[in-house]
Amino acid sequence: MFWKIFIFEVQNRLRRPAVYLYFAAVFVFVTFTFSTGSLPVGEKEHINSPMLIAMSMAWISTIMMLVTSAIMGMPLYKDIEYNTKDYYLTYPITKAGYFWGRYCSSILFVFIIGSGIMLGVFAGSKLGPLMGWREAARYGPNHLEYYVKPFLLIAIPNLVFTSSIFYGLVALTRNIKVIYSSGIVMFLGYMIASFSLMHLSNEFITNLADPFAFSGIRSQLLAANDQVRNVTMISFEGSLLINRILWPALGLLVLIITYLKFNFEDFFSGKRDKRIINSDENINRNAQRPQVVTSFADSYNRQTLVTLVKTELVNIVRDNYFWIIIGCGLSFLGFVFYLGDSFYGIPNFPRTVALLKIFYEVFLFFIFFIIIFYTGETVHRDRITRYAYINDSLPAPNWVLNGSRLISLLIMGLCLSLVPLVMGIFIQIIRGYHEFAFSVYLIVVFTLILPRFLEMVVFAYVIHVIFNNKFAAHGIGIVIWIALFFLHITSIFNYNILLYSYTPDYTVSDMDGIGHMAWPVFWFNFYWLLAAGILIIIASLFYYRGLSSTLKERLQLIPERFDRKTKLITTIVLFGFLGTGSFLYYNVNYLNNYLTRSESDQRAVTYEQKLKPYANLPLPKVTAIKLWVDLYPEKQQARTHGYFTLVNQSDKTISQLLLDGDRMSSYSLKTNGKAIPYTTPLLYARGKFNWFRAEKDTADFRLYHFAKVLAPGDSMIVELRSAVFHKGFTNSLFSGDIIHNGTFFRGGIPGLGYDEDDELHSPYERKRSGLAPKKEEEIAQNDPEGIQTLSMGKAASFYSLDITVSTSGDQTAITNGYLEKQWKQNGRNYFQYVQNKPGMYPPFGILSARYAVSHHLAVIDPHHHINVDVFYHPDHKANVSRYADALKAGLTYYSGAYGIYPFHDIRLVESSVYSRGSTSSTSLITYNENGGWNADFKSRNNQNVLYDYCYYESVQALAQQWWMFQVCPNNTVGSHIISDGLPQYDAFVMMENKYGKENMRGILREQLWGYLFWHSRGVFGEKPLIRTDAWYEWDKAGVVLYGLRDLIGDEHINAALRDFKNEYAFKKQPPYAGSNDLYRYLKKYTPDSLQYYLTDTWEKITFYNNRVIEAKSVPLGHNKYRVTFKVSTGKIYINTKGDDIPATMNDYIDIGVFAKESQDKDGQMGSKPLYLKKYKLTSGEHTFSIDVQGIPESVGIDPYNKLVDRAPMDNNKKF
């Protein structure tokens, strides 16, 4: 009997389209992922490396939980749904044959669908090079074992575990809804458990407790370099092997227990659902028959509609599984809301805007799943229970039956939209945060979230009505919704006018609310709500009633249902939809310029082909700027009038000047009162969706022709008038620079010269477009042009600045320089800032907002007092004093170490969420509002604080006032070490001065981990530090310099940096400073015995392999202990090919013994060493025996991670 049921179920499955749909979804998703390389793949790692295939097997088989639940839940439930008990109970079917036949046939198809992962990876590795999406060299060989072994040992155990759980639940409960709830509970539970496991220090337990083997695979993946990943498969031994046996065995155990409790007769007879009806009740009901007057007028229909809506709502509300799903979702939402976002172990305040962002980013799909599942239950409930045969014969018209279901679901969508408001306020109260921002809650919930949820409801309802099969409709609806999401998120096709329910991106801000994005989002939501109205009409035409349920039969009924009233409603809604769509099109495609991603790429190709010949035009230097800038934040407009002094410092004449007016509405140039003539050397083809625009789009580039040639050494004054304003709105986020409150404007100045950043960078797209491979040419450190050019650009130079800014009467305008004058005129605020003694290096920026300000004074010495001003959003005052104290401490230390701060003021200004995270310019530092302004340093949750990042980032940005805006680096290779590496080193020193050396382990390890992560995933090959241009290597420079300081001492390294600064500060003429100049001073102050360290860290790519092998502690009495431990040391160099070259070593390395870590008043974890000493060690194993006073907890080699170690976590070991 087992085989008969097994074969029958297999044949039945093969006739169902859902199986093919699920397989296709998995196959296409994996193929797309691997063909485009959309994976965290290393620089030299193959996209189809065996380790990456194994990791993909783990996470995709976990996502398949939703597919598994549908496949495993149906075989048992359909027998209940179709009432087949009369057949099964009369045939000689055994319990074992039925139970295991259904299970084995179902899990077979789960495996078949799961095999789409293997086939998708293989197809992706072939399709990527074939389509030109990835180079063939990025893919390795496709050995069969690379696919089969992880599929059998990772995917199959995961699928067995989830399949067994789901199948057993349906067998016990006889309810398909348990699948929805258990799937969501399992998924959310796993996410919470994964978060908790991340904080366990015991790797064995972490690997064992992960049911899907992520942890064990990830640990092996992180420990391997790219070469190892390409040729080595995941090793199934130890905790990972136990894991792979334990969890599927647990699932099978649950299944066996279910089988033992499974009662074949009870399962079909449904005894638990029966209720004894008292016969007396029947007699009493029949004894009295009240007179009934039948009326089917409009009042009857309205009453029936209300009654049915209440009934449908009661059905949802009384459903235990609905509350299980909602309860789990709320628990997870509360968990995530309570944790909130945090940085380096420090949680942020639970601000309303932050909670709403978390909800919208994390829970949108969760809400969609709830909506589509319960839409299916509502639409199909009457047919499943067979009540439809009664209900459909009643006199209520279609619009009543159809409308009652839809209205009840829309009410459910309304209630779900209130979840972030209710849960957000609840969590804010628990966290003791009482700045609720009710207006933001109400605006976001009712104008942004609610329309989206209603659109989801209508979409799900129409899918379920048209596809008269609950599970098929679930699958089709989910696939369409995910496809829309990927089209939008990947920008493959993000034209919101054609993507149902999508609107332009927006950000909710404390400073500006929704701001200027409220208008376009409102119109797009209105447009899609009208589209939802059209879908409702379509649903009414396809609504199935009575015996007419096939698509063909319903199509035949459409002419009858599409009556005069329906036609009138359709006309009105369609007219509104088309009218609103026309308005959107007018704004997006006529007033503005929408381009697909492929069109944007093609424009980059055209740009390079047409304008590359102008790349070598000599550019004048800007030596003086005088500007009048009028900001109109409420209108999102700015007007600029200015004069620029241009000097030809090259040895060539200048007769032409290429300018880029990107994001400028208009501008003009004059000299001596006469307009400078120009030509437009670049025309673009019209966007394919911009039908009513000119056939050719004039690009923003102009080639100006000087009437009089600018000879070497000559200068000229150019007058500029420009305007920035926005016509209508665009398809996406726009105008992030000028907003209602929080403007960050760059002056309205066109860019000078050809910009290589506008070229097409992807090597795959360049190859497909017929462009030559883009080579990142290294500008040698002795290159004459590179030495004479600043890193900011060819036109950048030391200049004087005079800016007068006007803004709205309730706002403060801030820019670089000294505030010379401030006044009010015609209801507007005016500010004049000057920076001419000394001048400054680029860039500059203008901010305007309704700021509060905190004034402070840094006393360097009796003759030097520096104004320290912190401008901030009035609600973000919690950490203002922390920022001010950091700036004052930094000014004092840096002035003493490197020379007095040369400017009148230092200003720290809060910027909006639309600006970069942080920026630095002369006397001006900005942090956007998502930064440390809202860090909750007093929170009781501060249990794992790595470091005070507000202090760290402040002193790091302040250090750039010396190492970028006094000593400005040149444009040769490695020069960014000056502007980025030195400030990070200074921040390490400041952190040590404030919190002590014992607290430096966390911050050094964090920075080192960042470098190691990007080192393995860099786009270009790594170079030695002195020649690096990779941003992640600049972070390494801080660690390297901190290690040098530890070797040669404060005085020597400060002297080297001070002498370097004195030679290159405020240079008006080249040569400018490069990394080789900095290195020259470091070598000068480093003793010969320690020169090896400079050679290893600056001239070579060096990694250490230091670790503690074993350690033990023996008490000696009187609180003394003898600590014995063995360490292993090693050092390697990496050559130009990326290969490891073993190196001999005889290096100074710290050896330490530490007491138990404790938390200081600032929440930082640290431990004072019981013993710490430098030893000169060679490669190999070394044993130490050290007596210490106090209870030891751990030992370490290079315990503070001052050396660049490939695996810094094994440098320390607890007893």
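Please read every residue number as a count from 1 along the shown chain.
Cβ coordinates come from backbone N, Cα and C, glycine included.
Tertiary neighbourhood of the transmembrane segment (20-39): same-chain residues 47-48, 52, 56, 60, 64, 67, 70-71, 112-114, 116-117, 119-121, 123-125, 127-128, 131, 133-134, 138, 472, 475-476, 479, selected by CB-CB distance under 8 Å and a gap of 6+ residues from either end. Among the features that TrEMBL reports, transmembrane segment is placed at 20-39 (among others).
The transmembrane segment annotation in TrEMBL covers 98-123 (among others).
Residues or ranges marked as transmembrane segment by TrEMBL: 151-172 (among others).
Summarising the annotation, TrEMBL assigns transmembrane segment to 179-198 (among others).
Among the features that TrEMBL reports, transmembrane segment is placed at 245-264 (among others). Beyond the transmembrane segment (245-264), the same-chain residues lying 6 or more positions past its ends with a Cβ under 8 Å from any Cβ of the stretch are 93-96, 98-100, 103, 156-158, 160-165, 167-168, 171-172, 208, 211-212.
Summarising the annotation, TrEMBL assigns transmembrane segment to 320-338 (among others).
Long-range neighbours of the transmembrane segment (358-376) within the same chain, counting only residues 6 or more positions beyond its ends whose Cβ lies under 8 Å from a Cβ of the stretch, are 66, 180, 184, 316, 322, 325-326, 329, 333, 336-337, 340-341, 409, 412-413, 416, 419-420, 424, 449, 452-453, 456-457, 460-461, 463-464, 470-471, 473-474, 477-478, 481, 485. What TrEMBL lists as transmembrane segment is 358-376 (among others).
Among the features that TrEMBL reports, transmembrane segment is placed at 406-430 (among others).
Marked as transmembrane segment by TrEMBL: 436-463 (among others). Residues 351-353, 356, 359-360, 364, 367-368, 371-372, 375-376, 379, 405-406, 409-410, 412-414, 416-418, 420-421, 424-425, 428, 473, 476-477, 480-481, 500-501, 506, 508, 510, 513-514, 518, 521-522, 525, 528-529, 531-532, 535-536, 538-539 of the same chain lie 6+ residues outside the transmembrane segment (436-463) yet bring a C-beta within less than 8 angstroms of a C-beta in it.
Marked as transmembrane segment by TrEMBL: 475-502 (among others).
Look at TrEMBL and you will find 522-547 (among others) tagged as transmembrane segment.
The transmembrane segment annotation in TrEMBL covers 568-588 (among others).
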Feature contact check the transmembrane segment (568-588) with the transmembrane segment (475-502), CB under 8 Å, 3 or more pairs: yes
